[in-house]
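Visitor: Reproduced below are the annotations present in Swiss-Prot:
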REGION    1-333  region 'Terpene cyclase'
BINDING   Asp100, Asn236, Ser240, Trp241, Gly242, Arg243, Glu244, Arg329, His330  substrate binding site
BINDING   Asp100  Mg(2+) 2 binding site
MOTIF     236-244  motif 'NSE/DTE'
REGION    334-722  region 'Prenyltransferase'
REGION    352-426  region 'Disordered'
COMPBIAS  355-364  compositional bias 'Polar residues'
BINDING   Lys442, Arg445, His474, Arg491  isopentenyl diphosphate binding site
BINDING   Asp481, Asp485  Mg(2+) 3 binding site
BINDING   Arg490, Lys568, Thr569, Gln604, Asn611, Lys621, Lys631  dimethylallyl diphosphate binding site
Amino acid sequence: MANPPVTEWKQSEAIPAHVAQETGCFTTLPIRIHKNNSIADQATLESINDWKQHLDDGWESRSGSAISKVGNWCSFIFSEALPERLPCITYLANIGNIHDDATEDATLDEAITSHAQFSTALSLDTDDEPSLQEAKTRRFRHLVSNCVLEILSIDRDMGTRMIVSYQKKWLDVMEHLNYEGIESLEEYLEFRMLNGGMEPFWLMCQFGMGLNIPDAELAPTRHIFEPAEWALVLTNDYWSWGREYNASLTKGSRIVNSIELLSRLRNISYDEAKEVVRDLITTYEAEYERRVQDFLRENPSTQMYLRQFIEVAGLVVAGNHYWCANCPRHHAWKEQDQAVHAVDQLEEFPAVEAQSPSSATHTAAPQEDPPVTEAPSPISSPSSSSSAKPSSSSAADSSSCTSTSQHSPSETDSTPPSSLHLLKSPHPVDAPCTYMSSLPSKGVRSTLIHALNQWFQISSRNVTLIKEITSMLHNSSLILDDIQDQSPLRRGKPAAHTIFSTAQSINSSTYLFVRAMQMVSENFESSVQMSFLEILQRMHIGQSYDLHWRFHLQCPTEDEYFEMVDAKTGCMFEMLLLLMSSKSRHVKDHSFTSFIRTFGRYFQVRDDYMNLTSGEYTAGKGWCEDLDEGKLSYPLIECQKMAPASFTQIMGIFRAKQADTAQLSDETKKYVIELFRKSGVLDSTLDWIMEMERQLLMEVKRLEGVMGDSNPMLYVLLQTLSLNQ
């Protein structure tokens, strides 16, 4: 650069340019490697061993490892990561590499399914795709759960942002664009920005550096990152070309590479196209440098952390280039038909400890690619046709109000003959339920089912069935709750009864109970049916006490409150436990009673607390909606014990509210919240929640001992719900 960066790099050390050039590397940018390369190597080996343990499909040894004789890939691309954060992002990056390699030889449909399974395993707060093969998804989930848990424990806000982007902006889109339809280099680069997951990659860099820069603050710098990303894409294409071309000849693998594209579009040889790509790489590197200089000159007061992140992009480009020029991942095919196993690589290249670049061996010269002077007709796998589409046939393809044919094959035969058109679906009774199912969900029940299935190991069909039954009951209860609470909002959208009428919504809600019971009777033994009905009975009794206390302004004791919670909230979790254990050959539910009861109580009190304090809840349900309802929640019970005078005032507000259907004014709500805060009620409630979180962690440890198997996904669920900032 004309004006070299003044950033002080703390975690990395320089690789001399002449050392890099001796290996064939031609980047024009400065190269740095993390001082703790051994940390990255260890995390890489753990990811390889874990892949073998949980998936055991051979790709842990067939995939080219991040380890190389010049250093670990992640030591170059995360060269300024904090040492304590380097292991988890290295682990996640290498798992992504193995997964990417494993899908290269798959058909397009198979690749999309595999990406969806991996994406589902990373899901933190949404219901996943029920048509996926449960066993494969479960193995993916067990593979990544410990890594996800570590990420969230280090930095939950940035970790969540990073993981969601990794899931939504890479795995969910990487195979959904048609490479064969691309007609220009610009389209190709845009395609690879999604296919290569650039957004989640930069978030991983931020996480590693301990940053969490808002998108709005980064937006003015977006143009700087573009040429860096283009150089990254073309660098990978340049050095992976020989491997990809060889795989297309020997295995019929798909080629997705700018060299093939330029050869095809410009009618030039592969060798000529490769030279074009080489020139473009250095051109884009120079453009990146120019844009950095211009931005810093025009914005001299740029915050140091933002400047550092901008300049790290150049280190990423250069470090990735140096690694690509030397890594077994791109070059081992020249000596054998698969990459060297990472353990063997470590033995051959023992430079796993941090060392001075001058003392390391950086002299290996690259071998030439296969001589190809003219481009033959493009080689493509039959699976890469643009007409290929993922198949999706499952119980979740239609509304849970109506998707029952797979559970009742004789339903049509058993229906009494009738000429009435009204008996044919869809019915008006389905509409409120379909609407509720379309609203965003936190997905706690779904995540809990999948986490427990690590132990229960029931089939994919039964997982889908149980999710559908519990979803019906949950949606039914939400429809009724909104009516009983006179709530105008549900998950940030209009409540069902405000759209379909109160009468129709009540009818739809009760119909869902009937449908759920019908599905249970068709798929479970009579003893399970009886237990299911008993749980439904307790759920309604629990709800009746909640309504009774509210109407009569009768504040329960803490013991009475939790008895109500065990019935109203806990029974839903108890129900999924009943259904899962009845389909499992490995587990019965008696060992889980304490965990489920504690989880139900924790979930309800957490909900009570968040309703009064969370901006997220305000967006979904309205501000302090429990106060509008006059709900006798846990904080109010605490207030009765801790501040009787404040309790009397709040009950007076609720009593006056009963004669007025309007919502409480913002001023009144602020006053009530201030009473809670000054009396220590909110702090006391949060302390109780923290104690329940500790108890739940102890319960999971106990269950792991009983089951003889760890369950990191349960820890991830508890971490995502945790209020321990």
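A Cβ is built for glycine as well, from the same backbone N, Cα and C atoms used for every other residue.
Quick caveat, the model's predicted, so the values are computed rather than measured.
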Visitor: Can you name the residues of this chain that are 6 or more positions from Ser240 (substrate binding site) yet have a C-beta less than 8 Å from its C-beta?
Guide: Asn257, Cys324, Arg329, His330
Visitor: Where the distance is taken from Cα to Cα, which of the binding-site residues Gly242, His474, Asp481, Asp485 turns out closest to Thr569 (dimethylallyl diphosphate binding site)?
Guide: His474
Visitor: Gln604 (dimethylallyl diphosphate binding site) to Asp485 (Mg(2+) 3 binding site): how many Å between their Cα atoms?
Guide: 16
Visitor: Here are some binding-site residues: His330, Lys442, Lys631. Which one has the most Cβ atoms within 10 Å of its Cβ?
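Guide: Selected residue: His330.
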Visitor: Using DSSP with the three-state reduction, classify Thr569 (dimethylallyl diphosphate binding site) as helix, strand or coil.
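Guide: DSSP call for Thr569 (dimethylallyl diphosphate binding site): coil, neither helix nor strand.
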Visitor: Have a look at the binding-site residues Glu244, Asp481, Asp485 and say which one has the shortest Cα distance to Lys568 (dimethylallyl diphosphate binding site).
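Guide: Given the candidates Glu244, Asp481, Asp485, the nearest one is Asp481.
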Visitor: Any idea what DSSP makes of Lys442 (isopentenyl diphosphate binding site), helix, strand or coil?
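Guide: Lys442 (isopentenyl diphosphate binding site) sits in coil per DSSP, no helix or strand.
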Visitor: Would you mind pulling the longest C-alpha to C-alpha span across Asp100, Asn236, Ser240, Trp241, Gly242, Arg243, Glu244, Arg329, His330, which the record has binding substrate, in angstrom?
Guide: 17
Visitor: Nearest of the binding-site residues to Asp485 (Mg(2+) 3 binding site) by CA-CA distance, picking from Asp100, Glu244, Arg445, Asn611?
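Guide: Closest candidate to Asp485 (Mg(2+) 3 binding site), judged by Cα separation, is Asn611.
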Visitor: What Cα-Cα separation, expressed in whole Å, is found between Glu244 (substrate binding site) and Lys442 (isopentenyl diphosphate binding site)?
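Guide: Glu244 (substrate binding site) and Lys442 (isopentenyl diphosphate binding site) have their Cα atoms 41 Å apart.
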Visitor: Among the binding-site residues listed here (Asp100, Gly242, Lys442, His474), which has the Cα closest to the Cα of Asn611 (dimethylallyl diphosphate binding site)?
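Guide: Ranked by Cα distance from Asn611 (dimethylallyl diphosphate binding site), first place goes to Lys442.
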Visitor: Secondary structure at Arg490 (dimethylallyl diphosphate binding site) (DSSP, helix/strand/coil)?
Guide: strand
Visitor: Closest to Gly242 (substrate binding site): which of the binding-site residues Lys442, Arg445, His474, going by Cα position?
Guide: Lys442
Visitor: May I ask for the distance between Lys631 (dimethylallyl diphosphate binding site) and Asp481 (Mg(2+) 3 binding site), taken between their Cα atoms and rounded to an integer number of Å?
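Guide: Checking the Cα atoms of Lys631 (dimethylallyl diphosphate binding site) and Asp481 (Mg(2+) 3 binding site) gives a distance of 12 Å.
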Visitor: Long-range same-chain neighbours of Arg445 (isopentenyl diphosphate binding site), Cβ under 8 Å, sequence gap at least 6?
Guide: Lys467, Thr470, Ser471, His474, Met572, Phe573, Leu576
